[in-house]
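Visitor: Straight out of Swiss-Prot:
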DOMAIN    7-189  domain 'tr-type G'
BINDING   16-23, 82-86, 136-139  GTP binding site
Amino acid sequence: MASLPARRIRNFSIIAHIDHGKSTLADTLLMRTKTVKERDMVKQVLDSMDLERERGITIKLNSARMDYVASDGELYVLNLIDTPGHVDFSYEVSRSLAACEGALLVVDSSQGVEAQTVANVYLALENDLEIFTVLNKIDLAGSEPDRVKQEIEDVLGLDASDAILASAKANIGMDDILERIVQVVPPPRDTANEPLRALIFDSYFDPYRGVVAVFRVMDGTMKTGDAMKMMATGATFAADEIGIMRPDKVPVKELGPGEVGYIIGGIKSVADARVGDTITLSKNPAAEALPGYSKSVPMVFAGIFPTDTDRYDDLRESLQRLQINDCSLSFEPEQNSAMGTGFRCGFLGLLHMEIIQERLEREYDLDLITTAPSVVYNVYRTDGTMDSISNPADLCPPELRERIEEPYCRLDMIAPSDYVGTLMELASQRRGEFIDMTYLSETRTSIKYDIPLAEVVTNYFDDMKSRSRGYASMEYAITGYRQSDLVRLDVLINQEPADPLAVITHRDRAYSIGRQLVDKLKELIPRQMFRIPIQAAIGNKVIAATSISAMRKDVTAKCYGGDISRKKKLLKKQAAGKKRMKQFGKVEVPQDAFLAVLSVDGAAD
């Protein structure tokens, strides 16, 4: 199969918020162009993981090639490059968009513009994509196309007057969308004579064939059997097989400029074929790589421990397998007095963390305990060195540190105007700094805050949803590090520090968090034969304390009357025994106490 002339290729992606109908629209387009036969159709055909189909989100990217005969009688190839919609995967989104020339902005005509839509549209504009609007779910009773068109123009500054009214479910407007793709999306430049440069926008591990890299040819031509080289990682390999996705793989001999395909060449690890890297020929390499490549850096860390310590090796093996497919996941062994042995894992964000945990439990049948998520702090020492830490136990003593910096992010919440007050209160409680408020329409508002990432990763999303009755949506982007007055809050149980319960928090919030911690532990730790003091302390200074009173055995029960000195002797002996027990007694803290403490959200009382 010869490669197609570039003027007949259209590369596009679909931008949408979760639940606005992106996957259903993709399914309908695949059926409309007869790329997928109706009998082979599964819902959300491009979402290959069960987890994606259940949650209705796109995690891993997929792409599909459709053949379409337009109204001008010409055959066009439409490459749909799917993008994940969630902020945790924004780097993957940006690389997918870099492989396109155009984008469909899909907005639910009953809901309107949401936070993630805004973020992804800005990414598309940064990549100079031609954007046109599709108002989906037009068949619903609550559909308000005129209001939503106005909102798109006001919020995003895009002309929505010629937006296509469609319903992917009811098959309305699909031909209009296909025609608009051909007319509006620019064809790729014809650069067949230049040295090969292909942009990897996805890669995954196939247990039988090694790493499969999905790419778009930017310049030059790729042929089966060519010796290839990755420009960022330097890995070299032979192109054993190249092909196109319909969405299943179909091998071809060569791919020209603008075409989208996959390559298999015995690559052993996804780390050698990273998203954003450039493929070129070993013999005739390109002078420079395509711009925009960066290594994904974990922003959120948490400890993952097996409930059964015998399954530690299974957990390690499962994490290694997931890492083959997901090089943004990092992990290292961690020993913990309460949980035993496990791993300290790094994730791109909270959704990434939830997905990894759920995949470990579901695909590898593991029972896991996950500790509270934390972020990476930069600790500057007095001797001029800098440590990046994510575990409170690694924080050096106050006399050795000059300052601590924590990551901040720009948070954008979009919500009905009725909930603005309560959402602003939540953001201020979480140390947010108000930046801007915009009325998107009479009923919907966008509120922007600069807020520490540590506050966002601890239950912020749940609190926002409960305060707005589920109507608010949010998006955040890391803006950099700032100096903060942070302290390490230790918990002492019977004078012994309980390391797993230590947290890094802001000094102003330390008292309320300490108070919540000690009160919660008092409820959960079983009573002993001696009094157990529970304290929250910063360094040597106790800021909150409580105690669990001792259980008392009635040692005088057998003395019926008789001499009082006998009772005194027994009570004295009991007191001495308790004193000795307090000195040598160990307090066993149950695991559910640790888990319950993880739910302390630290919102100021």
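Any Cβ shown, glycine's included, is placed from N, Cα and C.
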Visitor: Where does Ala16 (GTP binding site) sit in the DSSP three-state scheme?
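Guide: The residue in question, Ala16 (GTP binding site), is coil (DSSP, three-state).
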Visitor: Have a look at the binding-site residues (Ala16, Ile138) and report the one with the fewest Cβ neighbours inside 10 Å.
Guide: Ile138
Visitor: Which number gives the other C-beta atoms within 10 angstroms of the C-beta of Thr83 (GTP binding site), all protein chains shown included?
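Guide: Within a 10 Å radius of the Cβ of Thr83 (GTP binding site) lie 29 other Cβ atoms.
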